[in-house]
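According to TrEMBL, the coiled coil annotation covers 106-140. Per TrEMBL, compositional bias 'Basic and acidic residues' is recorded for 9-21. The compositional bias 'Polar residues' annotation in TrEMBL covers 226-244. According to TrEMBL, the feature domain 'Ubiquitin-like' maps to 32-106. Annotation comment: TrEMBL describes 143-224 as domain 'BAG'. Positions annotated as region 'Disordered' by TrEMBL: 1-30, 226-276.
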Amino acid sequence: MPGGMLVRGDGDDSNLHHNHEAAATSSAGPMIKIDVAYGSAQHQLFVPSHSTVGELKKQIAEETGLEPDKQRVLFRGKEKEDDVHLSSAGMKDKSKILVLENPTGKVKKVEEMANVEEKVEELIARKESKVEEIKETEEMSKAFAAVGRVRKEVDKLSERVAAIEVAVNSGTKIAAEEFDVSAELLMRELLKLDGIEAEGEAKLQRKAEVRRVQGCHETLDKLKTRNSNPFHDSNKAASVTTKWETFDSGMGSSTAPPPQPMSSSTKVTEEWEKFD
């Protein structure tokens, strides 16, 4: 060196590198190789001997992609906890460990999927229920409308039967075709009511209209019978009153003529009066 100083240079660089390596080893501990079996794959990891199982799992995650919380590390058939050091667990250089996926993680994932599916099914059920309610409302509205249309026709037919009743009661002869046509029209409305599918209030209204049609039909049958036989009703039988009168002029006879045979439906009243 300039100035006459002598410097020993044999092996200085190599000694310096060795000193740095020794310092690193002393601070991190000796590196050991761990053989990892995961599934069908084999991995080799180099870790400090004083590392914990939890730290080992982080390196395993980098190699396998399996998250640390989903790993089970088994050494010599026993699972090791995360806070246990490798040296304390008996792991040395070239030790072999087995890594399994934690079933708890699978169960959790399955439960999460089940919850998602349950929510989806619940949502679908709500939609189906809502659709069903809308469908029921629409069907009920259709039923109300159908019953309403029949009610209008029954109102007209009811008025027609009432008009026939007035005519028959007044002694007017009604054509037989009128009764047949009216009965046919009533039967058509009854068939319409039978074809209406209804529930609740609509069903009650349909039942009421059925009773109305049946009532009109019964009235029509009675009127038809009376129309074909005017004297069928004994309450409407004729009442005949005969009065005999005698006078002092000598005309006539004080003896009443013998009674004439009358029909069973005729009521006879005889009143005899004599005058001075």
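Keep in mind that glycine also has a Cβ here, set from the backbone N, Cα and C atoms.
Packing against the coiled coil (106-140) from elsewhere in the chain are residues 197-202: each is 6 or more residues past its ends and has a CB under 8 Å from a CB in it.
When the domain 'Ubiquitin-like' (32-106) is classified with DSSP, helix, strand and coil residues number 23 helix, 31 strand, 21 coil.
With helix defined as DSSP H, G or I and strand as E or B, the domain 'BAG' (143-224) counts 70 helix, 0 strand, 12 coil.
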